[in-house]
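Participant: Just dropping this structure here.
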Amino acid sequence: METHSLSSNSSYSHSEKLMDPESHRLSSNSTSSRHSSGFTEIFREGEYTHSFPSTPNSTRSSSCWNQEVCNSSDFSATESMLSERNDVCNQLQFSIGSNPSSGTHAAYTESRIKNLVSDLQSAHTEIQLNAAAELRLLAKHDDVNRILIARMGGSKPLIMLLYSRYQPLQLEATTALLNLSLNRALKEYLVKQGAIKALVEVLNHGLSKIVKENAAVALAHLAVCKANRSEIGAAGAIPPLIELLERGSLRGKKDAAAALYRMSSIDENKKRMIEAGALRLLVGFISSEEDKEGMVDKAMVILGNLVSIELGRAAFVKEGGITPLMQVIEVGAQKSKDLAIPVLFQMCTHSREHRSLMLQSEPLSTLISLSMTVDPRLKSQVLMIN
């Protein structure tokens, strides 16, 4: 669907950039094409075609899904950097009563949006579909339009349309909601409007794989706000995200990984992910010799969060994670090695038994390999392991 981004000005940790799916779209001619999540895939066409009135191209105000961790040279993942990004929504004021723009064009746009919001509540499916499609386009790149749609009461009826059993309408509404979620000031507001429950419903019972993948991306965007992460986990999002991680398309796997990564920053979600079997899948990804799916680095940053608690470390060992972790450190790409160091550090510093298991095989070559990192924070972790 459309190409988006989470934030335009906040600094990214290496891990945040890796997990930023960037492109979500329905094609501009309303062929339901899907998002291409920030990892270099081209847009692919969807499963149905529907024509609707064209809308003017809006100005790109932020580019949130085009930063990916794997391509960044910045490997620092400090909590302060994550907090700055995750809590930015709390620093912005969203006022339903404020007018975000002015002028003749703005007045026309506001009037048009008001009519479209009214059409969302029509008894006629085609009218709802046209309205959802046009609102999706209006919210594609323009933060002003996103605010206007919310201020005109558009978020609630869009959320309700996620429960539609008409596939094209469900897809248009889900993608329109995804576009609204790109606005930093709307992330908590959309949650209060019931977005999480509806998106989890789509994850579980969506009418196409594309709509499920777009729901996963929307949750990843909402999870940028740290305050939303607990509620997303409590709403039951983790099991269907893990299922998408296991059985989805390549794009779906990466979308699920983005959402799970953000959610794994809090302990209650770490436990939910571990209990839902995430470790088996993540260890499987880092065990891949060729990494044709490009999932090693994404799995590694999630593992870095999960092994920060004892339940995660025990599950990592149980699922046979030690051998593939050491193989990544020995022969993996430098980026993969750098992402593996925090996992190794967590395993070694919390348990002598784990440390022995990790380093009993060719410890010298392992430490030499580890010492090649150029990141000073990671170098200090290597010294502590040794």
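For all residues, glycine too, the Cβ spot is worked out from N, Cα and C.
Note: TrEMBL annotation is automatic and uncurated.
Just so it is clear, the model here is predicted, and its values are computed rather than measured.
Got these off TrEMBL a minute ago, pasting:
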COMPBIAS  1-13  compositional bias 'Low complexity'
COMPBIAS  14-25  compositional bias 'Basic and acidic residues'
COMPBIAS  26-37  compositional bias 'Low complexity'
REGION    1-37  region 'Disordered'
REPEAT    153-195  repeat 'ARM'
REPEAT    194-237  repeat 'ARM'
REPEAT    236-278  repeat 'ARM'
REPEAT    277-321  repeat 'ARM'
Participant: Kindly state the mean pLDDT of the repeat 'ARM' (194-237) in the predicted structure.
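Facilitator: The answer is 98, the mean pLDDT of the model over that range.
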Participant: Using DSSP, break the repeat 'ARM' (194-237) down into helix, strand and coil residues and give each count.
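Facilitator: Result for the repeat 'ARM' (194-237), in helix, strand, coil order: 34 helix, 0 strand, 10 coil.
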Participant: Can you count helix, strand and coil residues in the repeat 'ARM' (277-321) using DSSP?
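Facilitator: Each residue of the repeat 'ARM' (277-321) counted once, the result is 29 helix, 0 strand, 16 coil.
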